Amino acid sequence: MRIGHGFDVHAFGGEGPIIIGGVRIPYEKGLLAHSDGDVALHALTDALLGAAALGDIGKLFPDTDPTFKGADSRELLREAWRRIQAKGYALGNVDVTIIAQAPRMLPHIPQMRVFIAEDLGCHMDDVNVKATTTEKLGFTGRGEGIACEAVALLIKATK
């Protein structure tokens, strides 16, 4: 078994909506990013890549490459997952924590879980997504951006 951890943060800027966990969420602010700014899928992709010792999302999909300008993070997650499976790994489970004062994530979490399970080809019971605030402390509490942490457990697939 191998464990990976991922973290991502994006500042608010411009106009919404935002995309978190593959879900388009209405909000008056957007997120500043080279790709679609999906902090949840970026953190999750990093956790999976880390568990497989494949580096990180910036190595695989550099923000200096115009190919990835405005990229759909679900596509990036699926490509990373293909590479991980090619190394002989299967998914144990993933756990994602979104850290944001606003907008409220709770109504969108069920669809996030559906999208992540689809992209990883796993059962929804293997995917957990939760959200928390920082009680108005720090940059997320001041409404300056959104952060996310994720962990992933990979299992070496039997041959």
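Using the three backbone atoms N, Cα and C, a Cβ is placed for every residue, glycine included.
According to Swiss-Prot, the feature 4-CDP-2-C-methyl-D-erythritol 2-phosphate binding site maps to 8-10, 34-35, 56-58, 61-65, 100-106, 132-135, F139, R142. Secondary structure from DSSP puts D65 (4-CDP-2-C-methyl-D-erythritol 2-phosphate binding site) in coil. Every protein chain shown contributes to the tally, and the Cβ of D65 (4-CDP-2-C-methyl-D-erythritol 2-phosphate binding site) ends up with 10 other Cβ atoms within 10 Å.
The divalent metal cation binding site feature in Swiss-Prot is assigned to D8, H10, H42. Under the DSSP three-state reduction, H10 (divalent metal cation binding site) is assigned to strand. Contacts of H10 (divalent metal cation binding site) defined by a Cβ separation under 8 A and a same-chain sequence distance of 6+ are given as L31, L32, A33, G37, V39, G145, I146, in order along the sequence.
Residues or ranges marked as site 'Transition state stabilizer' in Swiss-Prot (evidence: sequence analysis): H34 (among others). Listed in sequence order, the residues of the same chain lying 6 or more apart from H34 (site 'Transition state stabilizer') and placing their CB within less than 8 Å of its CB are D63, F68, K69, G70, A71.
T133 (site 'Transition state stabilizer') is surrounded by 15 other CB atoms, counting those within 10 A of its CB over all protein chains shown. Per Swiss-Prot, the feature site 'Transition state stabilizer' maps to T133 (among others).
Among the binding-site residues listed (D8, S35, D65), D8 has its Cα nearest to the Cα of T133 (site 'Transition state stabilizer').
Secondary structure at T132 (4-CDP-2-C-methyl-D-erythritol 2-phosphate binding site), as computed by DSSP, is strand. Neighbours of the divalent metal cation site: apart from D8, H10, H42, residues of the same chain with C-beta atoms within 8 angstroms of the site's C-beta centroid are V9, L31, A33, G37, D38, V39, A40, A43, I146, A147, C148.
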